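Everything below concerns the one structure shown next.
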Amino acid sequence: MISPSSSIMAVDSTLSSVVGASFSEKDAKALQFIEEMTKNVDSVQERILGEILSRNADTEYLKRFQLNGATDRDTFKSKVPVVTYEDLQPEIQRIANGDKSPILSSHPISEFLTSSGTSAGERKLMPTIHEELNRRQLLYSLLMPVMNLYVPGLDKGKGLYFLFIKAETKTPGGLLARPVLTSYYKSDHFKSRPYDPFNVYTSPNETILCPDSIQSMYAQMLCGLIMREEVLRVGAVFASGLLKAVRFLQVNWKQFAHDIETGTLNPKVTDPSVRECMSKILKPNPELAAFITKECSEENWECIITRIWPNTKYLDVIVTGAMAQYIPTLEYYSGGLPMACTMYASSECYFGLNLKPMCKPFEVSYTIMPNMAYFEFLPHDDSSAQDSSRDSPPRLVDLADLEVGKEYELIVTTYAGLCRYRVGDILRVTGFHNAAPQFRFIRRKNVLLSIDSDKTDESELQQAIENASVLLKEFNTSVVEYTSYADTKQIPGHYVIYWELFVKDAANAPTDEVLSQCCFQMEESLNAVYRQCRVADSIGPLEIRVVKNGTFEELMDYAISRGASINQYKVPRCVSFTPIMELLDSRVVSKHFSRALPHWTPDRRR
């Protein structure tokens, strides 16, 4: 072991202030790597950009801008435009259709990583190359060395993590298209990972890789219950995923108790590999079954996580951005356990990690690792839409030149061929670790509603309401105004849409059946990510709440009473402020829900 007084304690106060820490050689190397990268941000970024431009110099995309072999930042910034996904769609579609020429990357595109939808409702297809798995694995390898500084003894037990794969498709050219975590879990990096006492899961690989999410959840929860006293941390990718697991336990605890008491697996779990691995784990245990029955049969589920898994030290979930809405519910179920947000990543690129993982959720800041990609930042100002164009390129700031307190939109250039790509994340600089800026994730640009991995923006919501409104025409009824919010008080959460209607003939007003059809039509109009989450029961049925006439005038009056300008007032298309919610709910005259699942199949990208 290397003591805290060794050279690794060049780590600044963020890491070195942890009292009594000790380090394995592996941890020491990881922490030293973080120090080297964050002390030399600008030189690392210059090197990364040079490598990307050198290796991709002969790609069709970069040739278009006549860099002529230049790899310096000034030439790159003056000639290569800032782009959105829509700008790159023609090139991406050619790759998807089977064009193997070096369009974006000199290395072959190995697969597409699917991201949240475009304005047209399609999933984005992010090109990636094989070596990106190594970069993702590198970032994963840094997480536990940092966590070990704050939480001792994590090698003495296991992690109960609810991890799942999602459906994958093939493009016309034969390339796989799937979410980034599905790609990682199916890779040898994950499946054949070497034993690490700090990263032992209760869930066998077979349960994580089961394509049926219900069977997967059942087997993973059952394993967690059987190994309850070994569990030191409980987690999922998103807070919504962990709450879904708690809800699953609420619904199925009797069957779990039966399986544990008898040592026989629920026959509804039919996956052969899952049944085989569970046969080695599941043995009759009447005492445990009785305990689960006692705890789960109680009406009060407060602190259920620590009651079932008493040695849990923290929850490992993302609770930043849209996931912050779930913090109170997680606190209720966990008895206020710390919530660790460990890393910041997307389909486009893995960005960085949280060097203070045990901080409060509202204090979470991520340190971007400068070796992951080349990063630029567009100063963000809500009062002016700073949309870039080729004619007037925006002023972008380098990673090393950011200012504390300012907000920026993240722009990336990756080894896989994305150049000056607008990720769409709005970040606020909160400080520095050495020379590396630390960021708080503020929100996704233009996103109104989000429950799980879905992201619905204002234009998409508007289009969905227009499509649903068509059903009201035969009743001479129209939508006067609307707003929305993501209701997460229940599990799963769901979208709530407030409608104020103009009904010309009260005797011919739309019925509950018609308004329920409007709910369904809205769901049909939303993007594939939303519809997939609905089918997977990660999101509940969409709800329309019809409010009394004049409600939105009252809403405006309230806003003006709080200082809003009557000349500039616009109806908010999403609300979360409690007094506004209370005003709206006090004016509701009827509630209506979608009665069917929207259509979604793995092959339907829209």
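Glycine is no exception: its Cβ is also placed from the backbone N, Cα and C atoms.
Automatic, uncurated: that is what TrEMBL annotation is.
Look at TrEMBL and you will find 366-444 tagged as domain 'GH3 middle'. TrEMBL lists 460-577 with the feature domain 'GH3 C-terminal'.
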Under DSSP, the domain 'GH3 C-terminal' (460-577) has how many residues in helix, strand and coil?
52 helix, 26 strand, 40 coil
Looking only at the domain 'GH3 middle' (366-444), what are its DSSP counts of helix, strand and coil residues?
3 helix, 40 strand, 36 coil
Summarise the model's confidence over the domain 'GH3 C-terminal' (460-577) as a mean pLDDT value.
88
